[in-house]
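Input: a single structure, listed below in structure tokens.
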Amino acid sequence: MHELAITVIGPDRTGIVADVAEALAGVGANLTDSTMTRLRGHFTMTLICTGPAVDEASAALSSLGDVVTSVRSVAPEFDKSDGGDPYVVSVHGADRLGIVSAVTRVVAAAGGNITDLSTRLTGALYVLIAEVDLPAGVSDELAEQLAVAAAELGVEVTLRRAESEIL
Amino acid sequence: MTAPVAWDGPQGNVLPVVTAPATVLSTVGDEVDPADPAVVQLAADLVATMRVSPGCVGLAATQVGVGAQIFAVDVTGHPKAATTHGTFVLCNAKIIEASRWKAGREGCMSVPDLTGDVKRAGRIVVSAALPGSGEPVEITTDAFEARALQHEIDHCAGKLFLDRVAGAHAIYQRKVYL
């Protein structure tokens, strides 16, 4: 059983998810985790599947036409829960080079593991929202370091505990 | 101490609304003297600007470029509203009680291209002063009016809904421009 990591990127159109899924189903690929979104109008899909060999999956996806695909074999991994505390980092401000790199470097230096990230540029406004698992006891210091980085970048930053209710 | 809060002031002027990343939106507003004629004029201008803006249920001074703790709200007729107090303007508002926390989608005239899921209290008590008389009031409200008040009080503190969104997948590109 192969585990494959696949990306599909291209112009968005109606039916493209169905086409990707159908092509993969046709070679016996079982989609496990996947995510799809549009980034500045581009269709982007990232997924993990099990079943076929790399060549079979690649051949199946080649029928999709005007998209860029990549298929590679990966070793199975499991979601690690290292007991970190979930936080959310919000950044917004005037767009400029290096916001994501500066902010995420500060988070990494504090031992924070980013588990989800999205960024949006709308007009002159740049927005970054990151979900971060933090080691216990570092949030106050990280908040101060983020404030310093944000001041240098001329953007606003907040770090707050993520809320999750399990019902 | 509860008093009628409905706005009953002069006709205001429609002001241009500033959008992020304008720095005034991230500046903590100064407390205002509610009896100051300039503050009463600003209150009138906020009401006038809110009324001509389709879909606008609240407008804070920072959104018209003034770093001051004053905002207008009117959620009358909104489908998500329960308790409503009509059109009103509050100065130096503070939340003194908050409960029934609930996530909901909100947008902002100053962030016109995005909306976000934000957890807000579904019932609040706010203390403030009315422009003009300076009369202190306590407003108890719920549902959408409570959400609107919290959003505007955040503006007065230099905060946007972007500072409170629930997670990386809780912001959305706005499709319909109101």
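In case you wondered, yes, glycine gets a Cβ from its N, Cα and C as well.
Positions annotated as Fe cation binding site by TrEMBL: B:C108, B:H151, B:H155. Under the DSSP three-state reduction, B:H151 (Fe cation binding site) is assigned to helix.
Around B:E152 (active site), taking its Cβ as the centre, 25 other Cβ atoms fall within 10 Å, counting all chains. Feature annotation from TrEMBL assigns active site to B:E152.
Residue pair B:C108 (Fe cation binding site) / B:E152 (active site) shows a Cα separation of 10 Å. What surrounds the Fe cation site, by Cβ distance within 8 Å of the Cβ centroid and not counting B:C108, B:H151, B:H155, is the set B:G58, B:A60, B:Q63, B:E106, B:S110, B:E152, B:D154, B:L160, B:F161 from the same chain. In this structure, B:C108 (Fe cation binding site) is part of a beta strand by DSSP.
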